[in-house]
Amino acid sequence: MNKQSNASIPQSSKTAAVSRVRQRTRLRLIAAAESVMARHGVEGATIQAITEEAELGIGTFYNHFESKEELAKAVFALRAEGLGKVLDFISGKYKDPAKAIGYIQRTYVERSLADPIWGWFLIRAEFALRQYDETFRDRARTDILRGIQAKRFTCSNCIETAITVTLSSLFAVTKQILEGRADKAAAMELNELLLRMYGLSAEEAAKLARSPLPDFDAMLKEAGPRP
């Protein structure tokens with residue numbers, strides 16, 4: 001009877017079920033890798049440690065990834081996609097580019113601190129700074145150019161340098177806070193300094209950097225998916 005029952009299931013349904021199981025397994029490996037690599041870095045993490053964390057066999061690993069470096073990139077891509085959606089939402093919500101970029105920078109640091117596994121993964125993965133730069137450089141360029149076009153920023157003659165300083169300093173301050181060498185106020189202080197670098201007055205930069213940070217996750221959820 002079971003054979004007859006199975007035979008009656010359309011092939012498309014069987015394929016979809018297999019695909020769902022495969023996707024769940026892949027996500028388990030990604031979550032396990034993020035945790036292990038956050039503790040030991042990409043170089044220090046072993047495939048055995050990752051599969052043990054995921055409670056899967058080593059053979060299962062190779063059904064999904066060719067190497068731990070490929071898995072590390074998958075971790076970054078998945079998490080960066082979620083963060084990117086929040087940052088893009090902020091960028092599109094505020095007409096004032098100075099306010100938008102301030103919220104974006106503080107949200108980036110806050111997200112890394114609220115989820116230390118992700119924060120430490122960023123810091124300890126040796127490829128992470130390059131991957132981080134490639135992922136967020138275009139967003140930073142867009143936000144800074146908006147400020148220049150709106151005549152809020154005055155760094156039109158050094159945009160690429162401003163982007164490099166922005167990304168590297170956000171990375172460095174996040175690392176310092178995670179290591180306990182700076183407190184959370186460093187995120188606001190950095191935001192103030194960056195806004196001044198872009199061209200805002202000291203008074204306005206300080207005011208924007210210390211304004212309350214909205215709950216953008218809740219706002220994004222309430223807004224729903226874009227059409």
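Cβ atoms here come from the backbone N, Cα and C positions, even for glycine.
Given the structure is predicted, the values throughout are model-derived calculations rather than measurements.
Taking TrEMBL as the reference, the stretch among 46-65, 146-165, 206-225 described by the feature DNA-binding region is residues 46-65. Helix, strand and coil residue tallies for the domain 'HTH tetR-type' (23-83), in that order: 53 helix, 0 strand, 8 coil [DSSP]. Remote same-chain residues near the DNA-binding region (46-65) are listed as 22, 25-26, 28-29, 31-33, 35-36, 40, 71, 74 (criterion: CB distance under 8 Å, separation of at least six residues from the stretch ends).
Model confidence over the domain 'HTH tetR-type' (23-83) stands at 92, taken as the mean pLDDT rounded to a whole number.
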